[in-house]
Amino acid sequence: MIALILFLSLEVEQVALEAARDGWDSKVEYFLAQVGFSVGLGNVWRFPYLCHQNGGGAFILLYVLLMGLVGVPLFFLELAAGQRIRQGSIGVWRHISPKLVGIGYSSCVVCFFVALYYNVIIGWSIFYLGSSFQYPLPWENCPTEGNDTVKECAASSPTAYFWYRKALDITDSIDETGELNPIITGCLLAAWVIVCLAMYKGIKSTGKVMYFSSVFPYVVLLCFLIRGVTLDGASEGIKFMFYPRLEIWADVQVWRQAATQVFFALGLGFGSVIAYSSYNPRNNNCHRDAFTVSGVNFMTSVLATLVVFAVLGFRAKTIATECVKRSVKMICECLILKHIIMPEGQQLNIAGYNITACSLEDELKQGVEGTGLAFIAFTEAMTLFPGSPFWSALFFLMLLNLGLSTMFGTMAGILTPLTDTFKTLRNHKLLFTACSCVVGFLIGLTFTQRCGNYFVTMFDDYSATLPLIIVVIFQTISVAWVYGADRFLEDLKRMLDRPVPVVYKYLWKYVCPAAMLGLLGASLLKMILERPTYTAWNREKVKSHVLLQVNLYFKLIKPAVSFDVQISGLWFLCFFAMKSDVFL
């Protein structure tokens, strides 16, 4: 993919800015596409965890503050730029200044990195969805070998065993690559086929798919909310979640995490927001869209948090109750064995009976995120529901649609700017789409190795965050200072036929760049102070443990990765410099 971009860039042919362009069939399709892209898996398994770890209601207040001061203005900037210039990210920044075209190419490269591992997560969802049509669920009970329960499962849990051993068949570390996992490879192929079929006609086909993929997750979340609040322990989980702890506002890293979540929740820097808005008529009220989509995104995060902690509250209370029952049973056995005949004043000795403290709060404090939440904790809770296969199928179908709607936007961030820029690709759009999906699948085989989950984690942590922050910083400076905030606001006034609040001038020129530079500094500081690690599953010890990231800078990783993802940020800057004169 990268080699193709570099080769074609030698013979790039500028496409006229006012050329005939496809458009959305309706405003509803466009709105669902923007919501579908911005509302993704992070709203379900990242935002609740951050609230849990960072002060509950206090974190939500901080998130709303940063969303208003930074998120909405930057989101509006991307919407307006795409709609005003009617080009993908490459064309938009070339229009502002030919020296800034590297910003657009960089967005495409980051989208490609993200698409590689994001579709693997969709493949996992497909695997679990297919496995849900069984009763009992295959992760409900531990398997047996002869007359004995499998040791690894007995020492962990059925859901953890199914995830690590049956789904991933994971190795003990990233050094042990292992062979390809055939089932997950097949699911990855299915995921790329779905993406290709949905994208083959551009927005004409994607827009129709959005009617289901963007709406269905809300139906499922509402079903889970109604079911969740009726569960025993749901109220405890929700109270624990939203109890505000304002002291966390003094922690710089909490601000960093809140800003990063705002940043990724709205999909800033990917070029997908620009791509989708470029298909709008010029008089579309993109200012209202910025507030509407941002508001829907935030409310979805809150809704998902309510669902997650209602269900996890039920799970925690069930575990605590079972713990109490076991302890009471052990005490009774101890009393029976002692025949309750003891000298007066002598206390009962139960030291050898492994009686542990049972605490609902301790269970709730065990925060989980990402795959740990979706494929272990939440999955375990659903096994306790009556009719668990139905709820499991519903949940993983929701994850599948959340992932696909975001994946469609990510691919649009690659395909739209390149087809706008290169006439050859524009004339063979179907072939280019298919080839992009094939290349994505082949490189994605890296993540279907037995150690593939570790690569997914590392790509998620290191391949996109810093490059996207840098992209957004340059985007903001390009509009506010190179093109001129006053000039841009005047363009928007003519385009929307109404004035835009002048406050955006100061937000774009001062507040947003300062906030993004602060986020960049905090992120770099974290990387300097904390050595990169990943969490590995040890088969012998039957538990997860943290390992230092292996130095893979010059070590080939089978089958397709020849460098460690930590240097992707450095490579990104080099690529940016090659495609742009902004540093000269």
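Cβ coordinates come from backbone N, Cα and C, glycine included.
Taken straight from TrEMBL:
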- GLY36, VAL39, ASN43, ASN297, LEU402: Na(+) binding site (BINDING)
- 1-17: signal peptide (SIGNAL)
- 58-81: transmembrane segment (TRANSMEM)
- 102-129: transmembrane segment (TRANSMEM)
- 183-203: transmembrane segment (TRANSMEM)
- 215-234: transmembrane segment (TRANSMEM)
- 254-279: transmembrane segment (TRANSMEM)
- 291-312: transmembrane segment (TRANSMEM)
- 390-418: transmembrane segment (TRANSMEM)
- 430-448: transmembrane segment (TRANSMEM)
- 468-485: transmembrane segment (TRANSMEM)
- 506-529: transmembrane segment (TRANSMEM)
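Projection of TrEMBL feature records onto the structure.
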{"residue": "GLY36", "record": "Na(+) binding site", "Cβ contacts under 8 Å, 6 or more apart": "MET210, SER213, SER214, SER405, THR406, PHE408, GLY409"}
{"residue": "VAL39", "record": "Na(+) binding site", "Cβ contacts under 8 Å, 6 or more apart": "SER214, PRO217, VAL296, ASN297, THR300, LEU402, SER405, THR406"}
{"residue": "ASN43", "record": "Na(+) binding site", "Cβ contacts under 8 Å, 6 or more apart": "ALA265, ASN297, THR300, SER301, ALA304, LEU402"}
Between the transmembrane segment (102-129) and the transmembrane segment (183-203), do 3 or more CB pairs sit under 8 angstroms, pairs being 6 or more residues apart?
yes
The transmembrane segment (430-448) versus listed stretches 254-279, 390-418, 468-485, 506-529: most Cβ pairs under 8 Å:
390-418
Looking only at residues six or more beyond either end of the transmembrane segment (254-279), which have a C-beta under 8 A from one in the stretch?
21-24, 30, 33-34, 37-38, 42-43, 46-47, 50, 54-55, 59, 62-63, 66-67, 70-71, 74-75, 78-83, 85-89, 92, 104, 107-108, 110-111, 114, 203, 248, 286, 289, 293-294, 297-298, 301, 406, 409-410, 412-413, 416-417, 465, 467-469, 471-472, 475, 515, 518-519, 522-523, 526
What is the total of other Cβ atoms whose distance to the Cβ of ASN297 (Na(+) binding site) is within 10 Å?
24
May I ask you to check whether the transmembrane segment (506-529) and the transmembrane segment (390-418) make contact, with contact taken as at least three Cβ pairs under 8 Å and only pairs 6 or more apart in sequence counted?
no
Same chain, not part of GLY36, VAL39, ASN43, ASN297, LEU402: whose C-beta falls within 8 angstroms of the C-beta centre of the Na(+) site? Give them in sequence order.
VAL35, PHE37, SER38, GLY40, SER214, PRO217, THR300, SER405, THR406
I'd like to know if the transmembrane segment (58-81) touches the transmembrane segment (291-312) in this structure, counting it as a touch only when three or more C-beta pairs sit under 8 Å and are separated by 6 or more positions.
yes
Which of 215-234, 390-418, 468-485 shares the most C-beta pairs under 8 angstroms with the transmembrane segment (58-81)?
468-485
Please indicate, using numbers and ranges, the residues of the same chain that are 6 or more beyond the transmembrane segment (215-234) and have a C-beta under 8 Å from a C-beta there.
32, 39, 300, 303-304, 306-307, 310-311, 313-318, 360, 385, 391, 394-395, 397-398, 401-402
